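Scroll down for the structure; my scribbles are underneath it.
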Amino acid sequence: MTESYALFVAFVLGIVEGLTEFLPVSSTGHMIIVGHLLGFEGPKAATFEVVIQMGSILAVVAVFWRRLFGLIGIHFGQKPPQDHATLSLVHIILGMLPAVIIGLGIHSWIKANLFGPETVMYALVAGGILLIIAEKFRPTVRSETLDDISYKQAFGIGLFQCLALWPGFSRSGATISGGMLMGISRQAAAEFSFILAVPMMVAASGLDLYKSRDLLSMADFPMFAVGFITAFVVAMIAIKTFLALIRRLDFIPFAIYRFIVAFAVYLVFVA
């Protein structure tokens, strides 16, 4: 791979990562397809994906930095009253706990058995079905904003997040759907999903980077930098656009799109 082509690949995959990481469409499925079409696969590609994923994480931090600082008691501007319930670090810990416990136990097994195109294809379909169920059967909204989310709801979202251990299911799709099925508004569920992503993805990406540290070299720095910066910028735009859209649109189009991507995976890799 020439240096110019490597930078082109980094730019394209950075766009794909930034667009799909926080939408309920599965970034894994898209990265598998686009990586295959670009001829960029294997251990180095997997390490590159982890690095540019960190760019997407940084975008969430940039969008929700006030909320993230608030979780650790640092407030900018007017501090909320003491008797006013707000999103806290406890909510995030409860949301993380199930996936952390299960993920640590089966991380190696997932890497060895669930990263194939066929299993990702099934996950795309299953995640699409869950989105439809969440839209069609969600109960009356009891938690309209982030600060209305209860500890029980946060833990329930954490249980749904375990579904995203199945590559292709979509972490945001699982957590947003779970939140909606527990009476959280679409907007609040999406915002909680994004904030919850920061510690979860930092932990998962950090573990993957540590395990693949031997594959990192200064020669790859330009490619990794282009992918990282592109993913950061595109993810910033995608997050803000997505949060604006879901105020007036439901998730059915995303479910249909997932089925289309699953069919594309079938045609390219399975048929």
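Even glycines carry a Cβ here, placed using N, Cα and C.
Pulled from Swiss-Prot, these are the features on record:
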TRANSMEM  5-25  transmembrane segment
TRANSMEM  45-65  transmembrane segment
TRANSMEM  86-106  transmembrane segment
TRANSMEM  114-134  transmembrane segment
TRANSMEM  149-169  transmembrane segment
TRANSMEM  189-209  transmembrane segment
TRANSMEM  226-246  transmembrane segment
TRANSMEM  251-271  transmembrane segment
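Here the listed stretches are 45-65, 86-106, 189-209, 251-271, and the one with the most C-beta pairs under 8 angstroms to the transmembrane segment (149-169) is 86-106.
Contact between the transmembrane segment (5-25) and the transmembrane segment (86-106) does not hold: fewer than three of their C-beta pairs are under 8 Å, each pair 6 or more apart in sequence.
Listed by sequence, the residues of this chain that lie at least six past the ends of the transmembrane segment (86-106) yet keep a Cβ under 8 A from its Cβ atoms are 67, 70-72, 80, 146-147, 149, 151, 154-155, 157-159, 161-162, 164-165, 175, 192, 195-196, 199-200, 203-204. Taking residue pairs at least 6 apart in sequence, the transmembrane segment (45-65) and the transmembrane segment (189-209) share three or more C-beta contacts under 8 angstroms. For the transmembrane segment (45-65), the partner stretch with the most Cβ pairs below 8 Å, chosen from 114-134, 226-246, 251-271, is 226-246. Within the same chain, residues 24, 26, 28-29, 32, 163, 166-170, 173-174, 176-178, 180-181, 251-252, 254-256, 258-259, 261-262, 265-266, 268-270 sit at least 6 positions outside the transmembrane segment (114-134) and bring their C-beta atoms closer than 8 Å to a C-beta of that stretch.
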